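A quick write-up on the structure given underneath.
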Amino acid sequence: MTKRIVALAGDGIGPEIMASGLDILAAAQELTKEIFEVVEHPFGGAAIDLTGKPLPETTLAACEEADAILLGAIGGPKWEKGPETPERGLLDLRKSLNLFANIRPVSVSEALRHLSPLKPEIIEGTDLVIVRELTSGIYFGEPRELGLEEAFDTNRYRKPEIVRIVKKAFEIAQSRDKRVTSVDKANVLATSKLWRATAEEVAKDYPDCTLEHQYVDSAAMKLIQAPASFDVIVTENLFGDILSDEASVLPGSLGVLPSASHSSGGPSLYEPIHGSAPDIAGKGIANPISMILSVALMLRQSFQENAAAQAIETACDTVLKKGIMTGDLGGTASTADFTQAVLSEMKGAN
Ligand code: NAD
Ligand code: IPM
Ligand code: MN
């Protein structure tokens with residue numbers, strides 16, 4: 001059967017790593033039952049330049065009808081001042097598709113362990129998933145206002161929004177080490193007090209799993225001090241954003257972490273956790289692993305193509321073990337060199 005993939009390359013290094021991701025998807029096609037038809041649409045700053053809007057109606061309509069969406073990255077200094085911003089387009093896309101569950105897995109492969117700034121004995125055994133609430137909290141709460149002398153945002157959570165994301169975390173934990181850490185700031189914030197009480201309630205339906213609570217400040221410290229102590233972390237939108245960039249220090253670069261965003265029933269979206277990296281855009285040196293692994297996540301989570309997903313992940317790891325890597329990890333390979341090496345590895349393994 002044919003599956004429709006919408007590709008949103010976006011800005012900065014977005015198009016560079018999307019090209020890698022799509023090459024890998026084409027190669028993976030040999031291993032899959034499905035046929036993947038990819039259609040590209042303008043999004044982010046590129047779409048502002050073309051149409052005046054970061055999320056044109058035609059792009060949103062294509063996403064709504066897709067079987068899955070791949071996104072590179074958006075944003076950059078050119079569009080920072082608005083009035084339309086690429087970031088607004090991304091938030092609107094997430095909200096429109098109800099992509100409330102953002103899954104950010106963090107593990108450190110053997111090939112990367114010695115590249116982490118942390119000691120090997122601290123990194124050893126790190127394998128965690130951050131489950132980030134993505135369509136509510138302070139990113140979306142109203143009222144919000146930006147004045148010259150005063151500005152404010154509203155952090156708001158409704159109980160059903162907390163219930164569904166915490167359930168998601170427990171479901172993921174059930175297929176892993178069955179330990180959920182809920183991260184909040186319940187010593188201060190009302191939203192966090194509701195979050196914590198709700199997490200306790202939801203936990204009763206998952207007696208095979210454990211639930212512990214951590215305050216976000218202390219969790220930020222433990223993530224670096226004892227990363228292997230975590231299994232599944234569930235947290236609100238803003239805390240999840242910050243903790244996941246922090247977690248990228250564990251494998252040694254922001255350029256290696258993929259993510260999946262799910263709704264209840266609609267198409268899922270797969271994207272790196274990082275941004276458009278304007279400082280290295282256009283140089284052909286971006287690390288494409290975050291995008292390549294996002295393709296693997298898509299194959300596994302949207303299409304149950306586990307063998308193809310595994311083949312991509314294994315090929316990536318083998319290439320890293322050979323010492324082929326981009327500059328962010330201390331190597332000299334270009335984006336294209338690394339991608340070619342993964343493609344050769346996939347062909348060789350077939
Ligand atoms: P960033 O994630 O783009 O970059 C942070 C640092 O990490 C930079 O030094 C960059 O070179 C490096 N980096 C990121 N990805 C890399 C890769 N694949 N390979 C090698 N190095 C990589 O964050 P920023 O600089 O704070 O933000 C730049 C723009 O991206 C902003 O406009 C921001 O709003 C946007 N942004 C978009 C997304 C997204 O599209 N989902 C996510 C985060 C930030
Ligand atoms: C991310 C990004 C976005 C976020 C920005 C660009 C809106 O940082 O995907 O992590 O904060 O969610
Ligand atoms: Mn972020």
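Cβ coordinates are placed from backbone N, Cα and C, and glycine is handled just like the others.
Under the heading substrate binding site, TrEMBL lists Arg94, Arg104, Arg132, Asp217. Contacts of Asp217 (substrate binding site) defined by a Cβ separation under 8 A and a same-chain sequence distance of 6+ are given as Lys185, in order along the sequence.
Residues or ranges marked as Mg(2+) binding site in TrEMBL: Asp217, Asp241, Asp245. Proximity of Asp241 (Mg(2+) binding site) to non-local residues of its own chain (separation of 6 or more, Cβ distance below 8 Å) is seen for Arg132, given in sequence order. Reduced to three states, the DSSP call for Asp241 (Mg(2+) binding site) is helix.
TrEMBL lists Gly275, Ser276, Ala277, Pro278, Asp279, Ile280, Ala281, Gly282, Lys283, Gly284, Ile285, Ala286, Asn287 with the feature NAD(+) binding site. According to DSSP, Gly275 (NAD(+) binding site) sits in a coil region rather than a helix or strand.
Per TrEMBL, the feature domain 'Isopropylmalate dehydrogenase-like' maps to 4-342. Confidence in the domain 'Isopropylmalate dehydrogenase-like' (4-342), given as mean pLDDT, stands at 97.
For Tyr139 (site 'Important for catalysis'), other Cβ atoms within 10 Å of its Cβ number 19. Here TrEMBL flags Tyr139 (among others) as site 'Important for catalysis'.
According to TrEMBL, the feature site 'Important for catalysis' maps to Lys185 (among others). Neighbours of Lys185 (site 'Important for catalysis'), defined as other CB atoms within 10 A of its CB across all chains, total 19.
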Cα separation, Asp245 (Mg(2+) binding site) to Ala281 (NAD(+) binding site) (Å, whole number):
19
Those recorded positions in Arg94, Tyr139, Asp217, Asp245, Lys283 whose CB falls under 6 A of ligand 1, listed in sequence order:
none
Where's the emptiest Cβ shell within 10 Å among the binding-site residues Arg94, Arg132, Ala277, Asp279, Asn287?
Asp279
Please list, in sequence order, those recorded positions from Arg94, Arg132, Lys185, Asp241, Asp279, Ala281 with the Cβ less than 6 Å from ligand 2.
Asp241
Out of Ala281, Ile285, which of the binding-site residues is least crowded by other Cβ atoms within 10 Å?
Ala281
